[in-house]
Amino acid sequence: MATKSFLKLAADLSSFTDSSPFAKLLDSCIKSKLSAIYVRYVHASVIKSGFSNEIFIQNRLIDAYSKCGSLEDGRQVFDKMPQRNIYTWNSVVTGLTKLGFLDEADSLFRSMPERDQCTWNSMVSGFAQHDRCEEALCYFAMMHKEGFVLNEYSFASVLSACSGLNDMNKGVQVHSLIAKSPFLSDVYIGSALVDMYSKCGNVNDAQRVFDEMGDRNVVSWNSLITCFEQNGPAVEALDVFQMMLESRVEPDEVTLASVISACASLSAIKVGQEVHGRVVKNDKLRNDIILSNAFVDMYAKCSRIKEARFIFDSMPIRNVIAETSMISGYAMAASTKAARLMFTKMAERNVVSWNALIAGYTQNGENEEALSLFCLLKRESVCPTHYSFANILKACADLAELHLGMQAHVHVLKHGFKFQSGEEDDIFVGNSLIDMYVKCGCVEEGYLVFRKMMERDCVSWNAMIIGFAQNGYGNEALELFREMLESGEKPDHITMIGVLSACGHAGFVEEGRHYFSSMTRDFGVAPLRDHYTCMVDLLGRAGFLEEAKSMIEEMPMQPDSVIWGSLLAACKVHRNITLGKYVAEKLLEVEPSNSGPYVLLSNMYAELGKWEDVMNVRKSMRKEGVTKQPGCSWIKIQGHDHVFMVKDKSHPRKKQIHSLLDILIAEMRPEQDHTEIGSLSSEEMDYSSNLLWDNAM
């Protein structure tokens with residue numbers, strides 16, 4: 001249709017008596033977004049008609065060429081012009097900046113005989129749009145210094161540069177300039193300010209600017225919705241969306257994409273379905289690929305994999321974004337085979353796709369598959385990201401594969417990670433390295449990584465404190481906790497679990513009591529069930545059984561099987577059969593089918609020689625239909641897995657194993673003679689055998 005309109009205007013070029021009709025034709029090319037071929041057609045006619053030396057038509061030709069995709073032709077017109085005016089220079093500079101030829105634009109800018117407001121705005125806007133935001137700010141500062149009037153285009157462009165740099169200090173300075181200008185009430189400037197504060201993570205100021213706006217358009221609402229969706233709380237994004245609808249502002253695809261993303265992060269499936277219904281009724285948006293991708297992602301994250309697959313299959317064009325969302329969705333649904341099939345069928349993969357499947361395997365405990373896929377990623381010359389390494393280190397940690405973890409560490413170093421925040425935030429790669437080393441028992445290596453990190457967050461401190469605690473370095477854990485407080489890092493509930501666990505393993509009862517009682521007062525961390533479990537374990541290990549029992553009974557939440565089990569184990573260690581029987585009954589109320597309480601209680605009676613009570617416990621087990629599953633252990637030696645069951649006598653080295661068992665039992669209980677050792681219950685013998693087999697192979 002646009003081509004026909006152009007041809008109609010160009011029907012009789014030879015009859016044109018001045019250059020104005022040619023200018024109209026060139027405007028038609030620009031407005032209709034025609035290719036440069038049509039501009040060349042007009043250009044040839046201009047030359048034939050004898051108007052090619054008019055500066056007016058030459059300027060229009062430069063403008064048309066640059067806007068229709070052939071800046072080279074426009075530059076040739078510019079270079080051949082005997083005379084140029086400010087419009088001529090601006091047309092070329094604007095064309096260069098819009099197409100990203102920024103260095104060439106800068107060179108031309110510096111050679112201009114004069115500049116005006118339009119010239120400066122083109123430079124600020126062009127550099128901001130192409131992510132050279134520092135230079136955009138410099139041009140803006142020079143423009144202001146040289147006394148040029150700043151208008152709405154100047155402010156919008158420089159705010160975009162501040163957003164690109166996440167530089168709120170500069171943004172605030174620009175905001176104060178705007179406050180002194182006539183543009184504070186401009187709806188586009190208001191929207192740009194909301195967006196700037198949003199991108200800088202300042203939700204409060206974004207909301208304040210929005211609230212102060214006299215007029216708002218769809219861009220204003222989108223900026224605030226996106227602010228909450230990206231910075232949180234995401235539920236506020238849904239509230240703002242509801243206010244937008246009540247204000248009768250029609251949402252566009254940007255609005256809906258942000259709302260769908262908020263629904264995904266909140267698992268707000270009902271609101272997401274309502275938005276989906278709105279889109280289905282809108283012919284214009286129904287097949288929008290961005291919205292389709294967002295819906296696939298939302299349904300996948302909400303564990304509605306069937307709905308996600310339905311939308312995916314309905315998409316006229318599928319891209320890597322939708323396919324990656326499906327991979328993540330299948331992984332969340334524990335369908336790693338379906339995720340791998342989707343991955344295999346992808347025509348095009350990016351590193352995000354690889355990361356999604358690697359993460360899926362680690363989330364589902366298929367760590368060997370994750371490691372294998374990472375090796376394939378390397379063979380196919382895909383450059384891993386910080387997220388790739390974080391997942392692969394998690395797999396190594398879960399498998400306790402120190403050798404592979406160290407290889408992954410070498411790859412991390414080769415990729416130049418510095419463990420600091422920024423555009424590529426890789427602090428959590430350092431955190432993953434710490435976690436891997438401490439879980440593999442290499443606390444010193446984990447601590448070395450911790451000390452070499454250029455920046456640390458709360459997770460870094462937590463990983464190291466818990467690593468110390470779990471590996472028996474109680475003093476070091478508490479010392480590091482004190483250092484954490486001195487650094488100004490605020491502890492969270494995970495930190496306090498590590499601290500209390502360290503006290504428990506080291507037997508620091510008074511310190512544990514102190515830190516538990518000061519959690520809320522000093523750090524604003526209300527004790528959770530896990531903190532009570534740590535305290536019960538601490539008190540139980542130290543023999544303060546009644547205090548541990550009182551703590552459980554005074555908990556503000558219902559005790560679970562873990563906390564009762566911890567106290568029951570302590571009762572066995574300290575041979576408190578009366579309390580042990582009470583705790584076992586409480587534990588069975590929580591988990592009636594758990595064989596653990598029966599076995600521990602039976603062993604306690606056996607240790608005291610109360611064989612009739614042992615038989616009664618066993619009868620109760622049979623009566624309740626509770627059976628004890630045989631234990632299974634394994635160990636990797638020189639790359640080979642050795643697996644064995646309780647009472648398993650099939651191992652080729654069983655004689656050496658049982659000989660060592662006798663020696664170890666004698667060492668473990670030197671104060672008892674062999675007649676006492678012979679009275680060990682079968683469960684205790686099984687348990688000791690397991691320990692021995694681990695050490696003998």
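Here the Cβ of each residue, glycine as well, is placed from N, Cα and C on the backbone.
Note that the structure is a prediction, hence the values are computed from the model and not measured.
Mean model confidence for the region 'Type E motif' (563-638) is a pLDDT of 76. Per Swiss-Prot, region 'Type E motif' is recorded for 563-638.
The annotation region 'Type E(+) motif' is assigned in Swiss-Prot to 639-669.
Feature annotation from Swiss-Prot assigns repeat 'PPR 2' to 54-84.
Swiss-Prot lists 85-115 with the feature repeat 'PPR 3'. Sequence-remote contacts of a segment are chain residues at least 6 beyond its ends whose Cβ falls under 8 Å from one of its Cβ atoms, and for the repeat 'PPR 3' (85-115) they are 55, 58-59, 62-63, 65-67, 71, 74-75, 78, 122-123, 125-127, 129-130, 132, 135.
For the repeat 'PPR 4' (116-150), the residues of the chain that approach it from at least six positions outside its boundaries are 86, 89-90, 93-94, 96-98, 100, 102, 105-106, 109, 157-158, 160-162, 164-165, 167, 170, 177, 181, judged by C-beta separation under 8 angstroms. According to Swiss-Prot, the repeat 'PPR 4' annotation covers 116-150.
A Cβ distance under 8 Å defines the sequence-distant neighbours of the repeat 'PPR 5' (151-185), meaning residues of its chain 6+ beyond its ends; these are 117, 120-121, 124-125, 127-129, 131, 133-134, 136-137, 140, 143-144, 192-193, 195-202, 213-215. Taken from Swiss-Prot, the feature repeat 'PPR 5' covers 151-185.
Secondary structure by DSSP for the repeat 'PPR 6' (186-216): 23 helix, 0 strand, 8 coil. The repeat 'PPR 6' feature in Swiss-Prot is assigned to 186-216.
The annotation repeat 'PPR 7' is assigned in Swiss-Prot to 217-251.
Distant neighbours of the repeat 'PPR 8' (252-282): 218, 221-222, 225-226, 228-229, 234-235, 237-238, 241, 244, 288, 290-291, 294-295, 297-299, 301-302, 304; these residues of the same chain sit at least 6 beyond its ends, with a Cβ under 8 Å from one of its Cβ atoms. The annotation repeat 'PPR 8' is assigned in Swiss-Prot to 252-282.
Note on the repeat 'PPR 10' (324-349): DSSP counts are 19 helix, 0 strand, 7 coil. Under the heading repeat 'PPR 10', Swiss-Prot lists 324-349.
Annotation comment: Swiss-Prot describes 350-384 as repeat 'PPR 11'. Across the repeat 'PPR 11' (350-384), DSSP assigns 26 helix, 0 strand, 9 coil.
Sequence-distant contacts of the repeat 'PPR 12' (385-419) (same chain, at least 6 residues past either end, Cβ-Cβ under 8 Å): 351, 354-355, 358-359, 361-362, 365, 367-368, 370-371, 374, 377-378, 425-433, 435-437, 439-442, 452-455. The repeat 'PPR 12' annotation in Swiss-Prot covers 385-419.
What Swiss-Prot records for 492-527 is repeat 'PPR 15'.
Residues or ranges marked as repeat 'PPR 16' in Swiss-Prot: 528-558. Same-chain residues lying 6 or more positions outside the repeat 'PPR 16' (528-558) and placing a CB less than 8 Å from one of its CB atoms are 493, 496-497, 500-501, 503-504, 507, 509, 512-513, 516, 519, 564, 566-567, 569-571, 573-574, 576, 579, 582-583.
Within the chain carrying the repeat 'PPR 7' (217-251), a Cβ under 8 angstroms from the stretch's Cβ atoms is held by residues 187-188, 190-191, 194-195, 197-198, 201, 203, 206-207, 210, 258-259, 261-263, 265-266, 268, 271, 278, all 6 or more beyond its ends.
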